């Protein structure tokens, strides 16, 4: 007599992805992130920029691990270990790049003039890096719970919701950052600082904030920040929609969506930083000669005034004297 009852499927034999990861695609992404991470490591050492080790280099290494796990899954699609690894690592890997973005804009505002922004360079870094760390930890915890609870749908859903909360928090912090950055550049372009110039009446020299010059290198650095922001926002929006749709949804089970809107977007962001690197675009901006500006008198007629700008820390010491 045949037993018609269907046996309970072993959780280790479940269809984890909804597809088998494409081996060639995984190899390509592992190679791309390996090259980028190696270049970022060399650039960080050459330019002596230690903060890049914990941001760009770390992001590259994390992406290598995540895509290596997906490559492993292409050979063993029912194995839980690589699935858990890629689920947890790929969700948090771009967060260090977001941190690099916040640091870069802080450096830019420091050089162009902190008085055009709502926050100082230091506070941009403190506030938004804190937000990034919170989102990173939240996503990592959620990914760990979801990945290690295969077979227990309630725990998988809990982990997915925690991951979603981390992604939404990160996207919200990036959105606030974009708004503040947009206001900063608008005020800089129209020369409308938020904080007025401060002068010491008891000093022979007046201290005013400098309006840093947008040199060709500075413009490229701004392009880098804007491009990275664009790519990382697209990736975050995709991840949010993916998690809202759920682990059994069509989006997470369609491989090409992940390859384009996660893998490709992070590749574009990390290579943008490779090419438009702050080591040669930003760090030598202080080594500029004194700039001559022109002061307009209250009557509206131009009055030549030599302003010797010693560009340090985003502020300028101004020695004023009438030109002959």
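In case you wondered, yes, glycine gets a Cβ from its N, Cα and C as well.
Marked as transmembrane segment by TrEMBL: 20-39, 51-72, 84-105, 126-150, 162-186, 220-241, 256-276.
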Interface present between the transmembrane segment (84-105) and the transmembrane segment (162-186) (three or more C-beta pairs under 8 A): yes
Contact call for the transmembrane segment (220-241) against the transmembrane segment (256-276), three or more Cβ pairs under 8 Å: yes
Other parts of the chain folded back onto the transmembrane segment (256-276), taken as Cβ under 8 Å at six or more residues beyond its ends: 22, 25, 29, 32-33, 36, 39-40, 43, 56, 59-60, 63, 67, 90, 93-94, 97, 100, 220-221, 223-224, 227-228, 231-232, 234-235, 238-239, 242
Cβ-Cβ under 8 Å with the transmembrane segment (20-39): same-chain residues at least 6 beyond its ends: 56-57, 60-61, 63-64, 67-68, 70-71, 73-75, 77, 255, 259, 263, 267, 270-271, 274
